[in-house]
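Student: Sharing the record's features from TrEMBL:
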type     : residues : note
DOMAIN   : 3-127    : domain 'EamA'
TRANSMEM : 5-22     : transmembrane segment
TRANSMEM : 28-48    : transmembrane segment
TRANSMEM : 60-78    : transmembrane segment
TRANSMEM : 84-102   : transmembrane segment
TRANSMEM : 109-128  : transmembrane segment
TRANSMEM : 134-155  : transmembrane segment
DOMAIN   : 135-264  : domain 'EamA'
TRANSMEM : 167-187  : transmembrane segment
TRANSMEM : 193-213  : transmembrane segment
TRANSMEM : 225-243  : transmembrane segment
TRANSMEM : 249-272  : transmembrane segment
Amino acid sequence: MIRGYLTILGVIIVWGISFPLSKIALYFMSPFVLTFIRFVIGGLILTAYGKGIIYGKKEAINAILNMGIFVILLNLAINYSTNPALASVLIYMQPIFVALFSRLRGEEILFPQLVGIIVSFAGIFISVDSVNFSLGSLIAIVAAILWAVGTLYYSNLKNRDIVKLNAFMSLFSSLFVIPILPFDFYFKPSALGIGVGILVAIIAQALGFILWFSSVKDLGATTASSIVILVPVSAYLFSFIILDQIPNIFQIFGSSLALIGVFISQYSRVYLSRK
């Protein structure tokens, strides 16, 4: 159990720090180039760690939804956001959209879930309105929606080996990105840029997922998912340390409100629905 909490803490740290590091890398390369580097290096590490890959038609669709398009949008959101931590808050609104889409599929939304959804959207409005609604914020919300769709589709692949599946998703997504590279190709040769780009690939695409799989195994998916919503808090902390980005009081209050809403929705969906 202690190991599980230590690994989920590792997830919060590495995924949180990846947001400001990605912002630095994007000074030297386009979002598409960074995405390609992240998929190739991360995919190779996961393939070696998982000793192979699992592939197929459903796996390919899952890769496009949950990695290919999603990570492109994530990097675009970071690129166009003044503070990458705010982008992380919007992206981690994904559970709220999962709940809304589940309702469209006929699943019941419990009252506490509804409260969580309302609280989260109020938090988003306060956070985004405090810095003016930007293209980065819009892209981050679209990324959260796509991630929610991908999460629902992933239910078709629950019985697959998760490490091998993610290894395939990373490598397949790198092929998906190649045709897009020429449309916005920018790469400024720099030891710092290359180094940070590789570091993002290692910690965000490989180490983060390896720690995540371990924490889910030790704590269970429910507990791990409830704790991992603290990633945006980590992103704010490291954005301040690395980029000297100081959130205003409305961003802090709104982001806190949004994450509290996500937690309420997550908790009520999993625990109260069992009663």
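Each residue, glycine too, has its Cβ placed from N, Cα and C.
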Student: At an 8 Å Cβ cut-off, counting only pairs 6 or more apart in sequence, do the transmembrane segment (5-22) and the transmembrane segment (167-187) clear the bar of 3 or more pairs?
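Tutor: Not in contact, no.
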Student: Taking helix as H, G and I and strand as E and B in DSSP, count the residues of the domain 'EamA' (135-264) in helix, strand and coil.
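Tutor: Across the domain 'EamA' (135-264), DSSP assigns the residues as follows: 114 helix, 1 strand, 15 coil.
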Student: Can you tell me the mean pLDDT for the domain 'EamA' (3-127)?
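Tutor: The average pLDDT of the model in the domain 'EamA' (3-127) works out to 87.
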Student: Which residues of the same chain, at least 6 past either end of the transmembrane segment (60-78), have a Cβ under 8 Å from a Cβ in it?
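Tutor: The answer is 19, 22-23, 26, 31-32, 34-35, 38-39, 84, 87, 90-91, 136-137, 139-140, 142-143, 146-147, 149-151, 153-154, 156-157, 165, 168-170, 172-173, 176-177, 180.
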Student: When you look at the transmembrane segment (84-102) alongside the transmembrane segment (225-243), do they share 3+ Cβ pairs under 8 Å, ignoring any pair fewer than 6 residues apart in sequence?
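Tutor: These two segments touch.
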Student: Among 28-48, 109-128, 134-155, 193-213, which stretch has the most Cβ pairs under 8 Å to the transmembrane segment (84-102)?
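Tutor: Against the transmembrane segment (84-102), the leading stretch is 134-155.
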Student: Is it possible to list how many residues within the domain 'EamA' (3-127) are helical, extended or coil according to DSSP?
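Tutor: Secondary-structure breakdown of the domain 'EamA' (3-127): 103 helix, 1 strand, 21 coil.
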